[in-house]
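These come from Swiss-Prot:
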{"type": "TOPO_DOM", "residues": "30-42", "note": "topological domain 'Extracellular'"}
{"type": "CARBOHYD", "residues": "Asn39", "note": "N-linked glycosylation site"}
{"type": "MOTIF", "residues": "45-49", "note": "motif 'GXSXG'"}
{"type": "CROSSLNK", "residues": "Lys92", "note": "ubiquitin cross-link"}
{"type": "TOPO_DOM", "residues": "159-334", "note": "topological domain 'Extracellular'"}
{"type": "MOD_RES", "residues": "Ser377", "note": "phosphoserine"}
{"type": "MOD_RES", "residues": "Ser399", "note": "phosphoserine"}
{"type": "MOD_RES", "residues": "Ser409", "note": "phosphoserine"}
{"type": "MOD_RES", "residues": "Ser433", "note": "phosphoserine"}
Amino acid sequence: MFPKETTWNISFAGCGFLGVYHIGVASCLREHAPFLVANATHIYGASAGALTATALVTGACLGEAGANIIEVSKEARKRFLGPLHPSFNMVKTIRGCLLKILPADCYECASGRLGISLTRVSDGENVIITHFNSKEELIQANVCSTFIPVYCGLIPPSLQGVRYVDGGISDNLPLYELKNTITVSPFSGESDICPQDSSTNIHELRVTNTSIQFNLRNLYRLSKALFPPEPLVLREMCKQGYRDGLRFLRRNGLLNRPNPLLALPPSQPPAPEDADAQEGAVAMERTGGKDHLPPPREDHILEHLPSRLNEALLEACMEPTDLLTTLSNMLPVRLAMAMMVPYTLPLESAVSFTIRLLEWLPDVPEDIRWMKEQTGSICQYLMIRAKRKLGNHLPSRLSGQVVLRRARSLPSVPLSCAAYSEVLPSWMRNSLSLGDVLAKWEECQRQLLLGLFCTNVAFPPDALRMRVPAGPAPEPPQHPPSSPPC
């Protein structure tokens, strides 16, 4: 599919906690097709895909990266509200994991090869960052690419003085339209490396350049992207990514030779699973890659995953057996903890809010300045829209009230300048400049607009008087003539 004399790219889609699927795919590519990673022109990623792309380009330990994903998901599941709990700081957790796994010269390896998808806050446009000046700048770019508004916080992070949010909002799969781009997505669809769901539904949902087949399994995956599933589910997703990567390499004839799966000592006979893999590869070549290869055994997959990731997957399946964990898993203790949530949650929220406020103090001036600018921009935008809307209704309103008459001839007697000045209003006669006239005109417009929204409810004085029906007027009463005074 991609000969060595051509160029190609690799693009990882954003998927939240399902990024452990990317770890399985990246492990497969690095182990079975290292030339595919080493000779790729660019490796792109958005949101969680940017984290895997960064680890793949910089040569970081993928096993440790996958273990960090599982540990973060387990830490989020411990809380009542999961990742939305006030004490869970996603940005701080991602920054700490990147500081731990990335080497010191990671920015030198990433510049020019790694592309991180970002969404600019000012206009909502997509930006792909490919050059980094330091390790801190590379980490900050990943933090910006994974920052989901409201989910991770209210104030977006900044990179080189510009505010950015999650790159998946504007472009979740960078450069997907190019034919030489290998697209990786944990959602079944039209991506090159993705799960193959046995669904007959042909409907497709395309979300910011990501193809998602409309079926129940994808709906389940979408529900677990922001709220982490159980460790066993993450383990299966990582193994699924490894399987799908192998399927892609076999279908396109990109498996590196000698195959690490088949490299055994001469004295040791091939294992049954290796024989099955050989037979499956031959069957795939005979059928032209149309039939799906049967998935290899789980033990066989776990043997060739990175050792750190293998240990993390095994530890995720084992539950601790200490006394405290046993007591906390008892039903009465769990019921008591659930009943205490209305009392413990406000206390935990207050403590976490205080800690975040102290951590926010160094960035307060810059963030306050940004919020002030955004508030001013929003108010200015609303004023322009309101003025434009009122300006469209004003001419029609005036045309219904003002009647213009066209004169057919000039007046017989020309008016003098004094007569013309008498016709103009007094405020126009007394104005000294054109600016004064325009200011008065705007004042009249405001008074006229205020009059449009006022309703005259005043009644005349005789409106509420009781009127007698019309008829013959009653005769005045006749009084007897009074005797003259003595």
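Placement of Cβ uses the backbone N, Cα and C atoms for every residue, glycine included.
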**OP:** Just give the helix, strand and coil counts over the topological domain 'Extracellular' (30-42), going by DSSP.
**Re:** 8 helix, 1 strand, 4 coil
Original post:
Three-state secondary structure of the residue listed as 'ubiquitin cross-link' from DSSP?
Top reply: helix
**OP:** Sort the residues of the motif 'GXSXG' (45-49) into helix, strand and coil with DSSP and give the three counts.
**Re:** 2 helix, 2 strand, 1 coil
Subject >> Overall pLDDT for the topological domain 'Extracellular' (159-334), taken as the rounded mean >> reply: 72
